[in-house]
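Per Swiss-Prot, these features apply:
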DISULFID  25-37  disulfide bond
DISULFID  30-43  disulfide bond
DISULFID  36-50  disulfide bond
DISULFID  54-59  disulfide bond
DOMAIN    23-61  domain 'Chitin-binding type-1'
CARBOHYD  99  N-linked glycosylation site
REGION    78-273  region 'Catalytic'
SIGNAL    1-22  signal peptide
């Protein structure tokens with residue numbers, strides 16, 4: 001092989017490596033400090049990367065909504081304990097049926113403690129976001145009726161980083177029961193909790209249940225708030241989008257609108273996914 005061919009081959013490999021990197025930027029981030037990762041997983045510095053559809057990086061989304069009010073992080077704000085008071089929380093939980101296994105499990109104290117354990121919620125929070133969180137938590141637990149998935153599958157993958165504990169199952173527990181598999185229970189590493197060794201801790205402790213769900217929300221959902229309720233629904237459980245589970249999507253949107261009305265705010269316009 002000539003030197004010219006070697007140089008050409010290295011050039012092609014560099015391009016391929018850059019392409020592969022950019023296509024996975026939602027997992028690996030972009031190589032350049034000035035680059036943005038788009039919601040489709042590509043890196044760049046132009047408006048299609050850093051504008052309205054920016055996922056991470058130095059996003060510039062102000063004025064990029066193209067006339068639509070999509071931002072779930074917009075509108076009236078307040079501290080979590082003033083937006084959701086003890087009386088309002090009790091009113092929501094009073095609708096839980098007496099035959100529900102989680103009746104009385106989800107408490108106001110656990111709710112507030114879990115929220116305030118994340119820096120983003122120690123100050124004022126958009127009421128829309130709180131409404132969206134409640135809608136997803138309510139839907140994910142069947143209106144706060146359950147604290148664990150009815151179908152108790154094992155959901156164990158061969159992960160060296162988050163190995164399964166012998167005899168333990170990693171099915172959905174808590175408020176977002178679409179969160180399954182041992183990798184997600186690896187959240188215990190970030191929460192300071194032994195969730196891989198003791199996944200049932202999520203269904204034993206209301207505070208842990210809220211923290212587990214809030215960890216997922218902060219990590220996977222919150223970066224997309226400006227894209228609308230439909231987009232964050234896709235990030236919680238993409239199976240609900242499209243034509244496969246339209247009734248599920250409609251019911252979740254209905255709950256979001258109801259919680260928005262309860263908090264005195266208008267929902268965003270990006271409801272569908």
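Each residue, glycine too, has its Cβ placed from N, Cα and C.
Counting every protein chain shown, 19 other Cβ atoms lie within 10 Å of the Cβ of residue 59 (disulfide bond). In space, 37 is the closest of the recorded positions 37, 50, 59, 99 to residue 30 (disulfide bond), judged by Cα positions. Here residue 43 (disulfide bond) is positioned 5 angstrom away from residue 36 (disulfide bond), judged by their C-alpha atoms. A simple way to gauge crowding: the CB of residue 30 (disulfide bond) has 23 other CB atoms within 10 angstroms, across all the protein chains here.
Taking the region 'Catalytic' (78-273) as a whole, pLDDT averages 92 in the prediction.
Secondary structure from DSSP puts residue 36 (disulfide bond) in a beta strand. For residue 59 (disulfide bond), the nearest neighbour among the listed recorded positions (25, 43, 50, 99), judged by C-alpha distance, is 50.
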